[in-house]
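In Swiss-Prot this protein carries:
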REGION    21-43  region 'Disordered'
BINDING   171-178, 196-200, 217-220, 297-300, 326-328  GTP binding site
DOMAIN    363-441  domain 'OCT'
REGION    439-484  region 'Disordered'
COMPBIAS  456-473  compositional bias 'Basic and acidic residues'
COMPBIAS  474-484  compositional bias 'Basic residues'
Amino acid sequence: MKGSSVPRFVDRVVIHTRAGSGGNGCASVHREKFKPLGGPDGGNGGRGGSIVFVVDPQVHTLLDFHFRPHLTAASGKHGMGNNRDGAAGADLEVKVPEGTVVLDENGRLLADLVGAGTRFEAAAGGRGGLGNAALASRVRKAPGFALLGEKGQSRDLTLELKTVADVGLVGFPSAGKSSLVSAISAAKPKIADYPFTTLVPNLGVVSAGEHAFTVADVPGLIPGASRGRGLGLDFLRHIERCAVLVHVVDCATAEPGRDPISDIDALETELACYTPTLQGDAALGDLAARPRAVVLNKIDVPEARELAEFVRDDIAQRGWPVFCVSTATRENLQPLIFGLSQMISDYNAARPVAVPRRPVIRPIPVDDSGFTVEPDGHGGFVVSGARPERWIDQTNFDNDEAVGYLADRLARLGVEEELLRLGARSGCAVTIGEMTFDWEPQTPAGEPVAMSGRGTDPRLDSNKRVGAAERKAARSRRREHGDG
């Protein structure tokens, strides 16, 4: 029985994140001997755990997400009496390789994670609900309700790994890119004499005197790669960060219609069809404007050496440095190494100095102060907005006082006024979030509460405590009865 093949290198995954929900607040009254009417003492719910990506230099692939695409953080604990707050849910820290790019469902760039220890909050945990002690105020002395915890953020994200390298090697299959990486660095990629030997990017560290740089070898391109031929353009994401692009050309190929000039032109056409994901500060500029160099490979073959010398000047007229090398005999590898090192230095020196950024990157904040009210086409209305929808999630609809508190909040926000302006009548259906209810202006919160105002207790306003004179008279009556 053959087992299914397991990929060793994964550079693009879709994951599903769900942060922890906040704990519910507690509605309780302080109970202690000789302390009647102790007042509310319900604690707040704990914050839900967030999902945080952390760059780890020891991680080099997104393979773990291929097997475990669902990430869930712990929820917060509920509040308790005696002013005890619930424990916060633990954050789920997930290790990702350097160069990971986070995209939302619409393909919008959320974060470009570069640098060991860089953190990104992928999904925020829900806030804990307030207990009745926190809801107490001058006019609401004894709330008989608490708020529910908010739901944690849940969303689907796409993770793409874009290799962090200084030099990117591009070329046709079997042009000798992997052999070049192996010859100038300590990397040991798979090398064989057939097309598409390289199926995953290979990285190598190259020493150039006192300096060092990294080289990325991506799978070979062929004409039509932008239309999906061969391995397509998927692996070109790994050269988006490269400061220098190097065309590796096979001068010893015997394929009809192939020559160094046409190979370079075909590759440039495919590169022009590629649309980078990184934009703005995260990008190094358009690939078309990136510095180029050309490596004419396999000059250990006599015919290849003649061809390389013949086309060298024509290629140099484009303003690109040209290196004629042989990875088999290691001829001219040192000039190539130091030439690439100088190109990297010149390119980095010409770039503007990057402004240091905070190590923690967060999604774009959303203004939750507004709302909209629209007719639903069936005689009802739909209220949309982050704040009213969050209030709905916080409300325990089994508690009349909590429902009344929700009505007060919506009225203060202006929802009731807007409904009246649009012609809403008592009893019409109003939908907020996932809840649909019959709307009543200033909905009462229960008969006992309505008599003395929401969140108050008539017992607190009365004064039925026995005074000293009354206690003295009572003792006198007891003594008289005892003597009789």
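Please read every residue number as a count from 1 along the shown chain.
Backbone N, Cα and C define each Cβ position, glycine as well.
Since the structure is predicted, the reported quantities are computational estimates derived from the model, not experimental observations.
Shown on the structure are the features that Swiss-Prot records.
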{"residue": "GLY171", "record": "GTP binding site", "Cβ within 10 Å": "24"}
{"residue": "SER174", "record": "GTP binding site", "Cβ within 10 Å": "20"}
{"residue": "LYS177", "record": "GTP binding site", "Cβ within 10 Å": "32"}
{"residue": "PRO219", "record": "GTP binding site", "Cβ within 10 Å": "24"}
{"residue": "LYS298", "record": "GTP binding site", "Cβ within 10 Å": "25"}
{"residue": "SER326", "record": "GTP binding site", "Cβ within 10 Å": "23"}
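Outside the region 'Disordered' (21-43), and at least 6 residues removed from its termini, the chain residues within Cβ reach (under 8 Å) are 75-87, 125-136, 141-152, 457, 459-460. Across the range of the region 'Disordered' (21-43), the DSSP-based residue counts are 0 helix, 4 strand, 19 coil.
The average pLDDT the prediction assigns to the domain 'OCT' (363-441) is 86. Remark: secondary structure over the domain 'OCT' (363-441) totals 30 helix, 16 strand, 33 coil, with classes taken from DSSP.
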